[in-house]
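S.K.: Provided herewith is a single structure, encoded as structure tokens, for subsequent inquiry.
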Amino acid sequence: MTEVVAVPVRLRPSATAGVRLPELVAQVGAVLADGPGQAATVPDIPVTGVTLRAQEVLSGDLFAALAGASTHGARYAGVALERGAVAVLTDVAGVAELTAQASSVPILIHPEPRSVLGGLAAAAYGHPSNRMTVVGITGTSGKTTTTYMVEAGLRAGGRVVGLVGTIGIRIDGADIPSFLTTPEAPALQAMLAAMVERGVETVVMEVSSHALSLGRVEGTQFAVAGFTNLSRDHLDFHPDMEEYFEAKAVLFDPHSLLRARTVVVCIDDDAGRATAARAGDAITVSALGQPASWRATDIRSPGVGAQEFTAVDPAGVQHRVGIRLPGRYNVANCLVALAILDVVGVSPEQASLGFRDIRIPGRLERIDCGQDFLALVDYAHKPGALHSVLTALLQPDHRLAVVFGAGGERDPGKRAPMGEIAAELADLVVVTDDNPRGEDPAAIRRDILTGTVAAGGAAQVVEIGDRRAAIQYAVAWAGPDDVVLVAGKGHETGQRGAAETCPFDDRVELARALQVRDARLLPAPGRACQ
């Protein structure tokens, strides 16, 4: 069983030499605020940490007071000072929010303080990414799977590994829960420093477009970056697909300060080919027969949920590889992982040993309660991912059911396409709720159903808002050798409504439905989140 460790207030090193405040000020071009109590010059004091959460300040920290969605962080400067902050970094608007108490420490002003946080934190923690090998994985889908594969290969090769991603943080196999794909810049640098302290040699992390756009990985030196694919997602954050692509491209662009020393790119879509062309010297991979540095041939599936293929490396040497994941897209993810592992000195043979028993929470995760059909949970929550996973699960003479919804307060333009994809590929489509947040769940379902109507076809389409009841319906429908997929939430353990997040785990609910299925004693639907 995987070890679960206690979560500290914030994962950070037990000790750090820190950096002098004048050095930090000079590094980022901040200016000292005028006003009562402020010195004429920046005082020569040590800064041993950086945080933007007042409640997490430790003595010696610089507190970054940033503008938030509803309030300015400067309002909490008093809390930060009480906890031992030695300086405050903010913007002009933040200065106006500061109380008189804040005049007891240096107040630094920068027009865009968030943009310099990564560099400040990296300096305060001794530039931890320079003391280890950091691998970054980006792309719309496959980031989590690829990072887990790289981690598994590294551990099989005897390395001490850190992992940072959507599911959580891992240090040498021990799990630490997380809530962001990529943590905020100060937390990330503190985390990397703590990993150095614990003997981690290589860190593999998911790098989201949000993280790249918001500067969360500034101050990080990437040894290797991997690109999986690009399809529609996050258009509630990015104005269009072009900006979404550009956000991810900075890890590969030779003119970018964040560009990794070595880059690995899957060229099985247009975005991958454009990324490789921009990089100029990318190690390329293809699972679709494209000319590439690493290629997959002789792909075979001994059964639903497993594949074997031959990976042909840049020297033309063939390596037989097996993975317990279906779909050509997972062959592509595996090739990206193999190429990255080769760069950092892990052979395909060593990597394959790590892949053999890999289990990725909520990524085509099997739920087996002795039933005579296949039941799976997956994180697919966007059109491209849903298409890929449903295509991977299609088998002659086996019916396919999918239960899914779409998140509220997120890109509404992907709802109808997801409905159309589901109705085109599955035999049973159960449209349900998935983190409606502040939106009307029924309206979200209507958007999805518009797509199922557009698909036409013979799929049976059912609308059941209560997610528990929707899962139970699909389980009751399934017969021998059928496939039931519950998509969208994957590893998540809550259903987000407008006012609360209710405990809800698709894996638990699917197992529960399977356990009572034979007795036909399906319980009444539970309370929906409000």
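Placed from the backbone N, Cα and C atoms, the Cβ positions cover glycine too.
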S.K.: Of ARG410, ARG468, ARG512, which one shares the meso-2,6-diaminopimelate site with ASP434, ASN435, PRO436, ARG437, GLY488, GLU492 in Swiss-Prot?
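M.R.: Answer per Swiss-Prot: ARG410.
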S.K.: Checking the spread of the meso-2,6-diaminopimelate site as listed (ARG410, ASP434, ASN435, PRO436, ARG437, GLY488, GLU492): what is the longest Cα-Cα distance, in whole Å?
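M.R.: It comes out at 17 Å between the most distant Cα atoms.
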S.K.: Around the Cβ of THR144 (ATP binding site), how many other Cβ atoms lie within 10 Å? Please give the count over every shown protein chain.
M.R.: 23
S.K.: Other Cβ atoms within 10 Å is the metric here; tell me which of the binding-site residues LYS143, ARG410 scores highest.
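M.R.: The residue with the most neighbouring Cβ atoms within 10 Å is LYS143.
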S.K.: Around the ATP site formed by GLY139, THR140, SER141, GLY142, LYS143, THR144, THR145, list the extra residues of the same chain whose Cβ is within 8 Å of the site's Cβ centroid.
M.R.: ILE137, THR146, GLU206, THR228, ASN229, ASN333, ALA385
S.K.: Measuring Cα to Cα, how far is LYS248 (N6-carboxylysine) from GLY139 (ATP binding site) in Å?
M.R.: 7
S.K.: Using a 10 Å radius around its CB, how many other CB atoms surround ARG437 (meso-2,6-diaminopimelate binding site)?
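M.R.: ARG437 (meso-2,6-diaminopimelate binding site) is surrounded by 16 other Cβ atoms within 10 Å.
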S.K.: Across the whole of the motif 'Meso-diaminopimelate recognition motif' (434-437), what does the mean pLDDT come to? Round it, please.
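M.R.: Average per-residue pLDDT within the motif 'Meso-diaminopimelate recognition motif' (434-437): 96.
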